[in-house]
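Take a look at the structure set out below.
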Amino acid sequence: MKGGTIQISWHDGKPVLTLDFHPVSGLLATAGADYDIKLWLINSGQAEKKLPSVSYQSSLTYHGCAVNTIRFSPSGELLASGADGGELIIWKLHPSETNQSWKVHKSLSFHRKDVLDLQWSPDDAFLISGSVDNSCIIWDVNKGSVHQILDAHCHYVQGVAWDPLSKYVASLSSDRTCRIYVNKPQAKSKSGEKMNYVCQHVITKTDQQRGDDTKTVKTHLFHDETLPSFFRRLSWSPDGSFLLIPSGSFKLSPTSEAVNATYVFSRKDLSSRPALQLPGANKPVVVVRFCPVVFKLRGSSSEEGGFFKLPYRIVFAIATLNSVYIYDTECVAPVAVLAGLHYAAITDITWSPTASYLALSSQDGYCTLVEFEDNELGEPVSISVGKKLVDGEEKKHVLEKTDELMTETVPDERSKQAEPNQDEEKQKPLQSKATGEEKKQIMQTSDELMTETKPNGEKQPLQSKVNTPVSSKPARRRITPMAIDP
């Protein structure tokens, strides 16, 4: 595993706010505050034992505002991009004998304010987006129209996720709630059932025991709107067995200091409590992303399979404002920790379709690439999504639990489908997105992957190998996942 910050002009020095790998070709798409989407070819550095590099391919120019999120459809034929001002564009791939070009296919108009996150349905037919106007919208991509509005949040919707089995969608907001919606189809005369998502669970608070007292107090599970990021990108595992939720803020006791955490919710129990929490990061978690490739179990007897009881290994990355933790479901401790890579906040992370690369973007205007050697993460295996794992009934994907954490499930009325009141402004705004010049904060370095600052201020990555994190610093806390009991 080798990686470092690629020192090129990604977007004219302006913040890079999002990135995504094409699921077929492996091209990397990036976008940011310069209004453009750029496509890059990744060049391996394994043969020369160097860092990977990128080659510019083309630009997609249409947006008139900063682009906050881009996502390729599962088939790779479409690309969705969301920007400030409510802009949401669908691009379509037009292959030819000599090259491939992307052209504007549809413009989806309804959001009144910035689009912060989006996610495709598994069949490319629908899209869910989250916005600063406090709403989520499910779009019918073929018709280019609004299919359903989910407007129960009372602050910015900063993350959305679509279940790979198409039963659930989830949204995460700076109102300190995560909402789980379940599909309850409505009868339709001609074309069969109509997809209809209804809010089933609202995850918001924990019950904490007050010292020796038998009484309990409720504390919030998530950071409030003062979190210094516009993104809280959550994600489902490739098999749909669990949901990973960032921006957690957990207290071991009502009087203790809050710990930044990522929550793991089992598909079998999305209603009441996280099955697992991954604590210990010194900065808030803003993005989580799963590797699209599933791997064979290593059979590590020392870890006893970790907390996840799966017949295969799933790898995922958790990004805080200044570092990235790579986990797999067979280990308790992170596989690797990457830190000291950027001078400003991390905004997005993505995996290549073959699991050869992990890329991350930052507000300092740069992106980092990490390259994995062949079979370094493991031996790939195939899984049958949608057949063997339906609501967790056929496979016992059980997560070990203790009795340290409980969440409150708030009953929610039927999801509204009317347009939000355009005159109503809710809550105070978050901090505006800062450029790399405005936020030149030097991030904490690790022993695994570091950068050095030259006298002229230019950041130069060290071509050092990233190993399994074994820190010798006394001040560094080991990150140990904590299990939760039902």
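One is the number of the first residue shown, and numbering goes on along the chain from there.
Glycine residues also receive a Cβ, built from the backbone N, Cα and C atoms like all the rest.
What TrEMBL lists as compositional bias 'Basic and acidic residues' is 411-428.
Among the features that TrEMBL reports, compositional bias 'Polar residues' is placed at 461-471.
Summarising the annotation, TrEMBL assigns domain 'CAF1B/HIR1 beta-propeller' to 1-377.
Taken from TrEMBL, the feature region 'Disordered' covers 399-486.
When averaged over the repeat 'WD' (16-50), pLDDT in the model lands at 95. Feature annotation from TrEMBL assigns repeat 'WD' to 16-50 (among others).
If you look up TrEMBL, you'll see 60-101 (among others) marked as repeat 'WD'. Long-range neighbours of the repeat 'WD' (60-101) within the same chain, counting only residues 6 or more positions beyond its ends whose Cβ lies under 8 Å from a Cβ of the stretch, are 15, 17-25, 29-39, 107-120, 122-124, 127, 129, 131, 133, 139, 141, 144, 230-231, 348, 433.
Residues or ranges marked as repeat 'WD' by TrEMBL: 108-149 (among others).
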Beyond the flanks of the repeat 'WD' (108-149) by 6 or more, those residues with Cβ under 8 Å of it: 65, 68-69, 71-75, 77-78, 80, 82-90, 155-162, 164-166, 169, 171, 173, 175, 195-197, 230-231, 233, 415-420, 422, 426
Composition by DSSP (helix, strand, coil) of residues within the repeat 'WD' (16-50): 0 helix, 18 strand, 17 coil
DSSP residue counts for the repeat 'WD' (60-101), split into helix, strand and coil: 3 helix, 23 strand, 16 coil
